[in-house]
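Asks: Quick one: structure below, then a few questions.
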Amino acid sequence: MAAYVKSSNLDNVATTVTATTTITTLSSDSISEFDEIDSLHSEKENNFYKNFNKNNSIYSNNNSVYSQDKISYNFDDEGSMEVLQFQNYIQSAIIIFTVLIANDKFNLLMPRDYQAMIKVELLGVLPIFFITYANKKFDFVYLFYLPFFVSLTCLKNNMTLTIINSILLINILEFSFFRTIVIQSILILWVYTNDFKLSTNINAWYLIPIPIILNHCFARILMKISKLKSLDIIECNIFSVLLTNILFLIHSDAIYFQILKVTLSSLFITISINFVISYLIFDRLNIFKTVKPIHKSLILLLNFIVLFPMLITNILKSIDNRSPLNWLFNYILSSNTRQNILTIWLSILLLSIPTVTVFKNLISLNTSRKVWHFLILLCILKPFKMDPNFVKLSLSGSIIIILSVEYLRFLNLEPFDKVLNNYLKSFADARDSKGPLIISYIYLIVGVSTPLLFKDSPVGLISLGIGDSMASIVGQKIGKIKWPNSKKTIEGTLAFIVCTTITSVFLQTYLGYFPNIRKLNITLMCTLTGILEGNSTMNDNILIPAFMLICEQLLTSN
């Protein structure tokens with residue numbers, strides 16, 4: 001099947017426009033806000049995050065739909081530690097175990113010129129992260145561990161990307177904006193000039209600053225929007241690296257990936273233009289003084305409804321003369337399998353949404369949330385084996401739809417704000433009430449989709465749809481023995497391990513998942529993931545699928 005979009009043209013159109021728009025939006029008033037943060041960083045450059053509890057005002061006009069309060073770089077009592085607690089010893093042991101497996105495995109597979117650099121990072125940088133951050137917030141270890149090991153295990157033919165992703169994490173250090181960019185540019189330039197095969201879109205030295213600036217901007221924007229409450233500084237940096245990889249660094253001709261890149265680019269361009277309209281024109285310049293809030297909301301909503309699909313259509317049409325909508329209809333109608341999958345999905349949605357809505361008052365919030373986990377599992381596992389490209393395309397579209405819905409909810413656009421807020425917050429948990437964003441369902445779709453999109457792996461579905469759900473239900477119903485210094489129970493962890501192991505072996509036997517991994521290794525993968533789930537404080541919907549994917553790749557026979 002011919003791909004709808006051509007990779008080389010798309011990289012020149014969507015990525016360049018996204019980078020230009022993002023940087024332009026941040027150039028004027030936003031850059032001054034960056035300087036506020038940078039000045040704080042410079043003041044405490046030799047005392048990293050110790051007593052770092054400064055407030056930075058952002059989007060100061062309270063009448064703006066983009067207005068925020070203040071963000072505070074502080075760690076709560078649960079996250080900060082003077083001494084490593086029991087669960088941190090457990091997490092450290094698990095991480096070190098996977099490091100040793102990776103060191104042993106990739107020494108046999110990697111070219112010699114990469115082995116030295118990877119060893120430096122495995123045996124040098126990771127311990128530094130442990131020593132530097134363990135006494136402040138252990139989750140900082142995952143800021144290095146997850147991007148590095150996901151790149152290392154999932155992109156085995158692109159070792160340079162592993163190194164570049166590690167360089168991008170320098171954002172977390174207390175350097176000024178421009179000093180960080182200079183340091184990262186020098187390091188990536190060194191990689192570029194040392195004859196490493198760059199299997200990324202960095203095919204010329206003058207392109208080196210683009211991913212660095214994009215990553216830095218994404219991280220700062222997420223910090224400001226979330227106020228470091230909905231998302232902490234670790235999650236902001238992890239998501240910024242992920243977005244930078246999708247929009248610029250990773251090169252793929254796969255149709256689902258190309259469409260994901262185009263739609264994400266179009267979404268960010270639309271959000272940037274709405275920001276200019278709302279913050280600069282309405283609030284800062286105060287051009288339209290008599291505009292009522294409802295009229296302002298309608299202008300922003302209309303701009304989103306018109307501009308977003310128009311950008312998608314024009315970018316895709318500039319690459320292929322066919323209309324994207326016509327192509328999509330032809331793509332679905334040309335295959336009976338796709339039509340059957342779509343019918344199954346619509347049937348499940350038509351039955352499940354009214355049912356969960358009607359009975360949500362009769363069941364706990366936790367149970368209603370886990371129902372959606374199970375439904376996603378049912379919707380994807382079998383259809384993925386029937387037509388993986390169609391399922392990946394659908395997952396890519398789902399990510400964009402969910403991000404768009406949350407963006408519109410975040411704007412509080414009258415008169416739809418109350419309806420949208422009330423419905424989405426009815427499924428929100430305690431973490432969603434900390435800040436302005438509802439992030440649970442974003443975490444869920446990203447955690448489920450990423451392993452499938454990158455490695456055709458169902459570990460996101462298994463760990464969240466089965467493992468996390470059963471651990472929560474069993475732990476709440478019959479759990480009595482708790483892990484030290486944790487609210488999670490050992491019974492819940494055992495339920496996670498047993499259920500995910502049985503499910504994984506079943507999927508391997510009857511659906512052909514996990515083709516090159518032994519059953520003993522499947523058990524080890526589920527056991528390590530279950531113990532980590534029981535002892536970590538990081539958001540499960542991000543940590544557990546990513547870690548289980550790393551374990552799967554490390555334990556798979558070559």
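Just so you know, glycine gets a Cβ as well, placed from its N, Cα and C.
The shown structure was predicted, so the numbers you read here are calculated from the model rather than taken from an experiment.
Among the features that TrEMBL reports, transmembrane segment is placed at 116-134, 140-155, 167-192, 204-223, 230-250, 262-282, 298-319, 339-359, 434-454, 493-513.
Could you place the listed features in the three-dimensional structure?
Replies: Residues 14-15, 18-19, 73, 137, 139-140, 142-143, 146-147, 155, 161, 164-165, 168-169, 171-172, 200-202, 210-211, 214-216, 218-219, 222-223, 257, 260-261, 264-265, 432, 434-439, 450, 538-539, 542 of the same chain sit 6 or more residues outside the transmembrane segment (230-250) yet have a Cβ under 8 Å from a Cβ within it.
A Cβ distance under 8 Å defines the sequence-distant neighbours of the transmembrane segment (339-359), meaning residues of its chain 6+ beyond its ends; these are 332-333, 368, 371-372, 375, 378-379, 383, 386-387, 390-391, 394.
Away from its own ends, the transmembrane segment (493-513) comes close to residues 381-382, 385, 457-458, 462-463, 466-468, 470-471, 473-475, 483, 519, 522-523, 525-527, 529-531, 533-534 of its chain (Cβ-Cβ under 8 Å, at least six residues beyond either end).
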